[in-house]
Amino acid sequence: MRIILLGAPGAGKGTQAKIIEQKYNIAHISTGDMIRETIKSGSVLGQELKKVLDAGELVSDEFIIKIVKDRISKNDCNNGFLLDGVPRTIPQAQELDKLGVNIDYIVEVDVADNLLIERITGRRIHPASGRTYHTKFNPPKVADKDDVTGEPLITRTDDNEDTVKQRLSVYHAQTAKLIDFYRNFSSTNTKIPKYIKINGDQAVEKVSQDIFDQLNKR
């Protein structure tokens, strides 16, 4: 099973990706995680990527395809994989097609923009552990302090409202074209994947079950 998982920033697709990975025993390939690891390394490339993300822009197609190509060649992808964060553009989709990557399903977790903005701007992070809180939906016991260590929580630099709105604008523009691209796939060597749209403004368990119900119809 080969899945592309779509969802705007804050839609909860990262959570769903982990659940799908465990349910179907397929590899979760998150370009976001791989990019964050590169940034954390402090390398020249990492610094360049940080500037791009802080501005609310997208990472280059060339870089994304390179890391995905390397990743899907690993043995744990033999049973299938879930692509999280790629493809985001038509050129990325075309490059995947050239690599012979056939996709079975496109699953989009859909949440209204106003709810996404509220979700993202309220996020607070404990840098050392990665623990995530929310000022409204999952507040720490003490405001702006990690529950376990008592250390200060931070807001990611790209979680401010202006940057979030820019990211959503880019996402919608790119995703609409991407879905049309796959719906109109004419490659003789590639089957047309099934497009599934899921309401993401529900409990995590309900979103997961809706996804499973659709995938199990195959």
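Note: Cβ is positioned from N, Cα and C throughout, glycine not excepted.
Classification of TYR133 (ATP binding site) by DSSP places it within a strand. Annotated ATP binding site per Swiss-Prot: GLY10, ALA11, GLY12, LYS13, GLY14, THR15, ARG123, THR132, TYR133, GLN202, in sequence order, evidence recorded as sequence analysis.
The AMP binding site annotation in Swiss-Prot covers THR31, ARG36, GLU57, LEU58, VAL59, GLN92, ARG156, ARG167. Secondary structure from DSSP puts ARG156 (AMP binding site) in coil.
As annotated by Swiss-Prot, region 'NMP' applies to 30-59, with the evidence given as sequence analysis. Using DSSP to sort the residues of the region 'NMP' (30-59) gives these counts of helix, strand and coil: 21 helix, 1 strand, 8 coil.
Residues of the same chain lying 6 or more positions beyond the ends of the region 'LID' (122-159) and with a Cβ under 8 Å from any Cβ of it are 53-54, 56, 167. The region 'LID' annotation in Swiss-Prot covers 122-159 and rests on sequence analysis.
In the three-state DSSP reading, ARG123 (ATP binding site) counts as strand. Within the same chain, residues 14, 17, 67-68, 71, 83-86, 88-89, 157-158, 162-164, 166-167, 170, 174 sit at least 6 positions outside the region 'NMP' (30-59) and bring their C-beta atoms closer than 8 Å to a C-beta of that stretch. For the pair formed by VAL59 (AMP binding site) and GLY10 (ATP binding site), distance between Cα atoms is given as 18 Å, rounded to the nearest Å. Compared over the binding-site residues ARG36, ARG123, ARG156, ARG167, the count of CB atoms lying within 10 A of a residue's CB peaks at ARG167. For the binding-site residues GLY10, GLY12, GLY14, ARG123, TYR133, a Cα-Cα cutoff of 10 angstroms around ARG156 (AMP binding site) retains ARG123. The binding-site residues GLY10, GLY12, GLY14 differ in how many other CB atoms lie within 10 Å of their CB, and the one with the most is GLY10.
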